[in-house]
Amino acid sequence: MADENQDKSERTEDPTPRRLEDARKDGKVPTSRELVSFAIFLSSTLMIIFLTKPISSKFTNLISSYLINFHLININELIIRSIAQDIVFIFLIIAIVPLILNSAVVLLTYFIQHNGFVFSTKSIGFDLSKISLLKGLQKLFSLRSIVELIKGVVKISLVGVAAYFAIRSQIKDMQLAFFLDINGMIAVAFKAVTAMMLTVCSVMFLISIVDFLYQRFEYINDLKMSFKDIKDEQKRTDGDPEIKFKQKTKRKALLKKFSTKDAAKADVIITNPTHYSIALEYNPQEMPAPKVLAKGADLMALKIREIANQYFIPIVQNPPLARALFDSTDIDDFVPLEHYKAVAEVISYVMKIRPNKKLLKGIKDLKK
């Protein structure tokens, strides 16, 4: 991992996959608090809209029951306390508890989807080296702290302005609510709250997108590496027994990907001549273009040439074409259009060496 004390001017290269994976294991993952806040606020807004009807119904029944029996009720401290308890119960059971559970679920879902199941004791462990008054002051007055302060001020300002205009647009309806019945008053109140929350959601969405991009940029910037870091990592990777074992396993899997039987069906083998080998089959009556039966580099290339010699398959040395086909095709792919002419020339050469009637028509089609 790159030295944290290293001069940042030397760290000009983007982090390698290994560097990103190491940071992830250490619990360092990009996180946008604004995106989390937006997700919680949006889901809470939708839940409030969904709960409007049951809450309105409960309030209407509660207040109606007290008003109907108002002349029979002796107003005292116990009655007022009872009314307050009923109101709190409605809010607690129907509104507050679902909103809290919703926030917890959204928060957990966000971190699992965004970061996966990342748990690292390094990020929560006690490290005396991290306790430094100088470093603390540097963080307090760093560019990042200033950016966070400005971001907080801008966020509060934008949300405040959005909420103000949302409420302002509902003022007339709120004034008329005093002339409505209980159902109408509650409906107007919920409409005003919903309008405000949806407007604030729109602003928070824009803020969260900007913050997410900024946090991602900062995360990558913090993990940047110098050329020396990349070279050191490469040395460690090449010398790692586990990495070597994985590479060996991968090579074996690639060798097994094509069978001797498939490679033996090839009409021609195009080689580099030693580094790459491409086995091609072409049947104009059944195929739109020549098909790659097998390809390989180094040991795999040698294996393909051995099969070619065993089954008397023509081998043509064409380094540029071999490299191009190796890079642009995979096993069972057809030769790309841009290589038709070059492949046709190879097949024409093969025809001179070993005539094959099934290729005659194919050569004409490829050269068109």
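Yeah, the Cβs are placed from backbone N, Cα and C, and that goes for glycine too.
Taken from TrEMBL, the feature region 'Disordered' applies to 1-26.
What TrEMBL records for 35-56 (among others) is transmembrane segment.
Look at TrEMBL and you will find 62-80 (among others) tagged as transmembrane segment.
The transmembrane segment annotation in TrEMBL covers 87-112 (among others).
Per TrEMBL, transmembrane segment is recorded for 149-167 (among others).
Residues 32-35, 37-38, 41-42, 44-45, 48-49, 52, 55-56, 147, 151, 154-155, 158-159, 162-163, 165-167, 169-170, 173-174, 176-177, 180 of the same chain, all 6+ positions outside the transmembrane segment (188-214), place their C-beta atoms under 8 angstroms from a C-beta of that stretch. The transmembrane segment feature in TrEMBL is assigned to 188-214 (among others).
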Surrounding residues of the transmembrane segment (149-167) on its own chain - C-beta under 8 Å, 6+ positions past either end:
34, 192, 195-196, 198-200, 202-204, 207, 211
